[in-house]
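Undergrad: My questions will all concern the structure given below.
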Amino acid sequence: MFFRPDFRPRCAKWLIATGLFLMLGACVEKPTTLERVKEDGVLRMITRNSPATYFQDRNGETGFEYELVKRFADDLGVELKIETADNLDDLFDQMNKPGGPVLGAAGLIETPKRKQQARFSHSYLEVTPQVVYRNGQSRPTDPGDLVGKRIVVLKGSAHAEQLAALKAQNPGLEYEESDAVEVVDLLRMVDEGQIDLTLVDSNELAMNQVYFPNVRVAFDLGEAREQRWVVAPGEDNSLLNEINAYLDKVEKNGTLQRLKDRYYGHVDVLGYVGAYTFAQHLQERLPKYEKHFQTSAKKEQVDWRLLAAIGYQESMWQPAVTSKTGVRGLMMLTQNTAQAMGVTNRLDARQSIQGGAKYFAYVKDQLDDSIKEPDRTWLALASYNIGSGHLEDARKLAQNEGLNPDKWLDVKKMLPRLAQKKWYSKTRYGYARGGEPVHFVANIRRYYDILTWVTQPQLEGSQVADGNLHVPGVDKTQPPAPPAPASGSSPDKPAL
């Protein structure tokens with residue numbers, strides 16, 4: 001008789017252990033979207049390539065959407081990886097693919113169709129859809145006037161959905177959707193008369209209209225709407241909740257408003273005449289002095305385009321001008337400032353630019369270390385214009401009002417008070433034309449934006465000096481352009 005070991009108890013134990021292991025494994029939750037982002041150390045974002053969202057210039061990546069998302073990624077402690085969509089439909093398609101981007105930030109409006117494609121965050125920017133037409137053509141005043149016009153909009157856009165709804169009420173309305181263009185292209189097509197009308201959001205029009213002097217607003221199509229970020233519908237709520245908490249935080253602490261001011265706070269200072277004039281001067285005058293701007297800017301560690309923007313605000317790039325207050329030359333230097341900067345001939349363009357660059361660098365260096373960029377540049381420009389003493393008076397007024405004296409957004413609210421006795425009587429340096437530096441800075445920021453945009457496609461060399469200037473969509477009409485300078489250097493500008 002042979003002994004046969006009974007394996008049944010042992011098998012039973014093995015089966016029980018295996019079952020428990022499988023049950024425990026089933027109970028382990030897979031990482032949430034937010035946890036996955038943090039574990040990977042990367043936040044994948046998809047956006048559009050445009051001035052209002054994301055683009056690259058000589059200084060690297062920039063754009064309103066980019067900066068807002070970059071700060072969010074920094075808050076999470078992860079790297080931001082950016083992908084650009086070919087068009088709006090592509091953006092949603094990419095987000096809905098397995099392993100696709102987890103965040104979409106492209107100035108998106110929540111619509112019934114899009115709610116099926118993604119989930120939307122809290123809002124961060126209010127915009128108004130606007131019908132635009134070419135100056136000189138018959139101006140539409142209501143939706144009925146759109147019938148019989150050639151209209152092109154971005155394919156898959158909220159504007160296309162608006163027009164589809166209007167068509168139900170106006171059967172004669174026809175429009176085209178294009179996936180081969182961006183907003184800049186649509187505005188160019190209107191500007192050049194290739195199409196009759198297009199529909200764009202107010203923020204993108206404000207940022208781009210300077211490049212297209214012939215474009216005009218016909219009317220607002222509907223109420224203001226809110227832009228939001230999106231996450232893919234298949235994701236859990238963890239990332240969306242974190243996004244909403246972040247957007248609420250930057251709204252409350254003023255970060256969002258400062259970003260809005262940085263990108264949109266100065267875009268409406270230009271008019272048609274100023275735009276047309278700057279366009280001409282950009283091509284006819286700047287090439288003569290561009291090398292001087294670049295050389296002096298490099299020596300003083302200043303962006304040459306910012307220096308050129310200052311020069312345009314001061315003299316419209318004219319080396320022989322003299323104001324009634326005695327400031328002279330392309331950079332409109334006072335006699336005392338010129339002497340302090342080593343300028344022997346203020347009417348010599350090269351010397352004037354060198355002196356202006358040196359003076360601006362000096363003024364910027366004198367600011368408190370607590371002032372960080374980009375506010376440091378804007379406050380330095382204000383000081384360059386009105387004088388460091390008056391700027392300090394405005395900063396103290398801001399502090400007394402519970403505002404931040406290191407932020408241009410707050411200080412610019414106080415500067416006009418320097419012209420009111422109620423306020424300047426309490427300051428150390430007294431009366432000043434405080435409204436001037438506000439306009440001075442706004443104009444320069446706009447000129448600088450334009451110079452940055454028109455030079456960014458070509459990272460080496462100069463498009464201006466080489467005669468290859470390309471202002472998006474303006475080659476057949478006129479280049480970009482802000483208004484003629486409101487004034488020259490303030491007589492309140494101190495000598496060193």
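Glycine is treated like the rest: Cβ placed from N, Cα and C.
What Swiss-Prot records for Glu314 is active site, and it gives sequence analysis as the kind of evidence. Feature annotation from Swiss-Prot assigns compositional bias 'Low complexity' to 486-496. The region 'Non-LT domain' annotation in Swiss-Prot covers 30-267 and is backed by sequence analysis. Per Swiss-Prot, the feature region 'LT domain' maps to 268-496; the stated evidence is sequence analysis. Look at Swiss-Prot and you will find 464-496 tagged as region 'Disordered'. Under the heading signal peptide, Swiss-Prot lists 1-29, citing sequence analysis as support.
Explain the structural surroundings of these features, please.
TA: All chains included, 27 other C-beta atoms sit within 10 angstroms of the C-beta of Glu314 (active site).
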Undergrad: Mean pLDDT across the region 'Non-LT domain' (30-267), rounded to an integer, is what?
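TA: Taking every residue in the region 'Non-LT domain' (30-267) and averaging pLDDT yields 92.
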Undergrad: Using DSSP and three states only, what is Glu314 (active site)?
TA: helix
